[in-house]
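Let me begin by presenting the structure, written as structure tokens, before commenting on it.
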């Protein structure tokens with residue numbers, strides 16, 4: 001197929017956001033053994049997320065404390081989010097050929113990766129949505145590898161969202177890169193339930209991960225989405241060379257943004273990308289990160305996203321018992337995920353009910 005010419009998205013003129021978590025003005029608190037007790041009082045009892053310094057203290061806990069940490073994060077999830085798990089499927093409408101240089105992504109046209117540009121037609125979108133709904137999922141996200149949508153892509157989204165909503169009883173979400181105000185308004189008018197646009201990593205680390213656009217541009221799109229009344233899905237990719245301090249910084253920045261959902265991706269190093277030789281995140285470190293983000297975001301949907309298979313394997317059950325309350329079923333955009341039956345069996349074994357569509361409306 002012939003790849004479309006992707007028009008650069010013109011971002012609205014806005015003042016770059018000032019995030020209070022960028023600068024710590026108070027004296028650093030000493031790392032102590034009471035962080036879990038403090039988290040129990042503040043997060044479990046009061047529903048207030050940990051700040052950046054306390055998230056860092058959690059990330060620095062020794063392996064011996066991991067069991068207690070996961071148990072606390074699970075209690076927080078149950079108290080403030082409930083026992084249900086939200087299930088989502090995703091589909092790539094436009095794959096590959098992206099003009100951006102996100103160093104972890106094999107869909108960038110700037111890297112020598114095996115992913116080639118391709119488009120999916122509307123009937124295929126509808127069939128994928130039907131298959132997703134058959135798993136019990138309440139969310140179906142249409143994703144495109146672009147800087148932002150051009151006219152062709154918006155026309156395809158217009159047609160695809162209408163066809164899915166007519167044929168399938170499922171919430172439709174989109175992930176189409178950076179948006180203009182006009183595009184945000186149109187997506188909201190189409191009935192798009194949720195929009196995904198990840199911060200990816202901490203503001204201080206972002207220039208080492210992406211150079212073709214700024215962290216502030218991503219933040220601006222997220223703010224536009226929230227203002228338009230769509231639910232905001234904004235998450236992270238863990239393991240892209242960030243320090244623990246920067247991981248805590250990101251958690252605090254996400255808390256300041258207040259998204260409805262935070263998907264946690266773990267780096268699955270892709271051949272041909274600048275981060276293709278980075279190591280996968282250690283499983284214990286990944287579980288600590290999940291729990292730390294739950295303690296920073298006690299009321300937020302925290303979703304398993306890409307990379308959990310290579311990072312955690314069968315230990316992904318521990319993440320479900322350590323703060324996670326949503327999953328993506330099936331394959332990801334360019335990598336394989338677990339088959340849906342395996343994930344659904346895991347939820348059944350854990351006696352975790354799947355959130356009904358009515359509960360999301």
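Just so you know, glycine gets a Cβ as well, placed from its N, Cα and C.
The average pLDDT for the domain 'Radical SAM core' (83-308) in the predicted structure is 94. The domain 'Radical SAM core' feature in Swiss-Prot is assigned to 83-308; the stated evidence is sequence analysis.
The [4Fe-4S] cluster binding site annotation in Swiss-Prot covers 98, 102, 105, and the record cites sequence analysis as its basis. In this structure, residue 102 ([4Fe-4S] cluster binding site) belongs to neither helix nor strand by DSSP; it is coil.
If you look up Swiss-Prot, you'll see 141, 174, 233, 303 marked as [2Fe-2S] cluster binding site. A sphere of 10 angstroms centred on the C-beta of residue 174 ([2Fe-2S] cluster binding site) encloses 27 other C-beta atoms.
Taking the mean position of the Cβ atoms of 141, 174, 233, 303 as the [2Fe-2S] cluster site, the remaining same-chain residues with a Cβ inside 8 Å of that point are 88, 90, 139, 173, 175, 194, 195, 196, 261, 263. It is 17 Å from the Cα atom of residue 174 ([2Fe-2S] cluster binding site) to that of residue 98 ([4Fe-4S] cluster binding site). A gap of 25 Å separates the Cα atoms of residue 303 ([2Fe-2S] cluster binding site) and residue 98 ([4Fe-4S] cluster binding site).
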